[in-house]
Amino acid sequence: MEDPKRLEEGSRHALSEAGEKVEDTTIELSVDKKEKTSKEYEEPLGVENPILLKKTSKRVATLDAFRGLTIVLMILVDDAGGVYERIDHSPWNGCTLADFVMPFFLFIVGVAIALALKRVPNVKYAVRKIIIRTLKMLFWGILLQGGYSHAPDDLDYGVDMKKIRWCGILQRIALVYMIVALIETFTTKLRPTTIKPGYFSIFSAYRWQWLGGFVAFLIYMITTFTLYVPNWSYTIHHHHKSESFTVECGMRGHLGPACNAVGYVDRQVWGINHLYSQPVWIRLKACTLSSPASGPLRPDAPNWCRAPFEPEGLLSSISAILSGVIGIHYGHVLIHFKGHVERLKQWVSMGVGLLIIAVLLHFTDAIPINKQLYSISYVCFTAGAAGIVFSVFYILIDVWGKRTPFLLFEWIGMNAMLVFVLGAQGILAGFVNGWYYESADNNLVNWIQDHVFIDVWNSERVGSLLYVIFAEITFWGVLSGILHKL
């Protein structure tokens with residue numbers, strides 16, 4: 001029989017990747033009252049024999065720390081990537097620090113779902129809560145990244161519905177969360193209570209989850225390499241003047257910026273006016289002599305350099321489902337394997353295997369690692385890296401008990417949605433910027449950045465980096481710690 005207190009802990013404290021607690025999604029994970037006694041047992045992570053403990057809840061600290069690390073990476077690359085272009089998103093093929101953020105989010109979504117939906121007594125109720133959670137994330141995603149909010153630099157708000165952006169970070173997370181959580185819910189009666197000996201037994205026990213991932217893989221691969229991409233056009237508006245461009249394609253299976261199936265699907269589904277208008281490919285050598293930094297376009301730059309492209313589009317989000325499936329596998333291992341060694345064998349071997357597959361695909365030019373297309377090699381590379389980092393965190397935090405150095409990550413991870421909205425999306429900074437003196441640029445945020453950091457170090461690069469570390473990441477870490485204590 002599974003330990004009821006440990007089950008309650010997993011359902012209560014596993015957080016969705018977007019940072020919300022799964023309490024409202026996992027009310028269905030109630031524990032049989034008959035199993036509760038005045039003396040309850042909780043099985044700490046990795047300890048095979050239950051130990052009598054008080055009625056205190058124990059979080060899976062690695063989950064919080066890993067989620068907090070991902071939020072920190074997001075803030076770092078968003079706000080320091082402009083001066084350290086090497087950590088900003090790769091203009092096309094390749095993988096930089098910024099390119100790990102999204103798949104790390106989706107990986108932790110999968111782990112959290114496995115813990116949150118460890119037991120589902122009422123399937124209909126669980127499905128309803130999953131749909132509600134999905135709609136919440138879609139709402140916040142469109143509000144924050146659809147164009148309505150212009151924080152933190154622009155004090156205006158509002159969006160032309162002809163140009164609203166329907167896709168974004170939270171929208172992709174919502175899609176992956178919904179698909180993976182529904183599969184987990186509908187297969188609740190098919191789950192094993194124990195796993196047979198053998199490395200691959202955990203895979204066969206959760207074959208329906210892997211089947212869902214395989215279907216997503218097939219849809220992505222077949223569409224990417226067989227869909228015909230015709231010529232397409234777009235228009236740029238300059239004040240009272242408009243300029244139109246035509247991009248010549250007429251091909252299949254192209255993985256370059258101009259004629260790939262990922263962009264074509266989004267243009268057909270959403271409409272070209274609803275796509276992201278500042279794609280990172282404008283930093284390619286073909287577009288600017290300042291590559292990999294931003295700069296003026298080359299005189300001979302191709303027509304597609306200024307075209308819209310959606311990095312969180314529909315087809316690439318289908319591929320992203322695989323990141324969530326791999327994450328839920330790690331969660332299943334955490335549930336079924338009670339010893340540290342058994343868990344780490346599963347996690348590390350899978351992480352290394354995924355990295356090897358990704359490197360082979362990339363360096364043989366079969367399928368390059370590409371975040372914008374969310375290529376299969378990119379899925380393998382980033383999921384493998386997530387598995388390795390997660391394993392390292394698990395060793396340091398939950399095995400060796402070295403929690404103190406990671407407290408800032410833990411605190412941010414426990415308040416992930418708050419930090420994401422107010423910090424990563426600049427809502428708090430935008431509010432502070434609203435209180436300016438004479439000029440909108442003369443505000444507290446800019447004054448601190450310019451006079452406390454950049455002027456002191458006499459370097460925009462160093463000053464900007466220190467500002468992000470201390471005035472943003474450390475600030476949110478301390479605030480999250482105070483909220484946790486309260």
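Using N, Cα and C of the backbone, Cβ positions are placed for all residues, glycine too.
Per TrEMBL, domain 'Heparan-alpha-glucosaminide N-acetyltransferase catalytic' is recorded for 59-188.
Taken from TrEMBL, the feature region 'Disordered' covers 1-37.
Annotated transmembrane segment per TrEMBL: 60-77 (among others), in sequence order. Residues 9-10, 13-15, 17, 19, 45, 87-89, 96-98, 100-101, 104-105, 108, 111-112, 115, 334, 389-390, 393-394, 397-398, 403, 406, 408-414, 416, 419-420, 423-424, 468-469, 472-473, 476-477 of the same chain lie 6+ residues outside the transmembrane segment (60-77) yet bring a C-beta within less than 8 angstroms of a C-beta in it.
The transmembrane segment feature in TrEMBL is assigned to 97-118 (among others).
Taking Cβ pairs closer than 8 Å, the transmembrane segment (130-149) reaches residues 16, 18, 20, 24-25, 157-160, 163-166, 168-171, 173-175, 177-178, 181-182, 185, 421, 425, 427, 430 in its own chain, all 6 or more past its ends. For 130-149 (among others), the entry in TrEMBL reads transmembrane segment.
The feature transmembrane segment is assigned by TrEMBL to 169-187 (among others).
Remote same-chain residues near the transmembrane segment (208-229) are listed as 179-180, 183-184, 187, 190, 249-255, 259-265, 315-316, 318-319, 321-322, 325-326, 328-329, 332, 373-374, 376 (criterion: CB distance under 8 Å, separation of at least six residues from the stretch ends). What TrEMBL records for 208-229 (among others) is transmembrane segment.
Taken from TrEMBL, the feature transmembrane segment applies to 314-335 (among others).
Annotation comment: TrEMBL describes 347-364 (among others) as transmembrane segment.
According to TrEMBL, the transmembrane segment annotation covers 376-397 (among others).
Feature annotation from TrEMBL assigns transmembrane segment to 418-437 (among others). Same-chain residues lying 6 or more positions outside the transmembrane segment (418-437) and placing a CB less than 8 Å from one of its CB atoms are 18-19, 71, 74-75, 78, 140, 144-145, 149-153, 155, 412, 443-446, 472, 476, 480, 483.
Residues or ranges marked as transmembrane segment by TrEMBL: 465-483 (among others).
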Secondary structure composition of the domain 'Heparan-alpha-glucosaminide N-acetyltransferase catalytic' (59-188) [DSSP: H/G/I, E/B, coil]: 82 helix, 4 strand, 44 coil
Predicted model, mean pLDDT over the domain 'Heparan-alpha-glucosaminide N-acetyltransferase catalytic' (59-188): 92
Contact ranking winner - 169-187, 314-335, 465-483 against the transmembrane segment (347-364), Cβ under 8 Å: 314-335
Tertiary contacts of the transmembrane segment (465-483), as residues 6+ beyond its ends and Cβ separation under 8 Å: 68, 71-72, 75-76, 79-80, 83-84, 407-409, 411-412, 414-415, 418-419, 423, 448-449, 452-454, 457
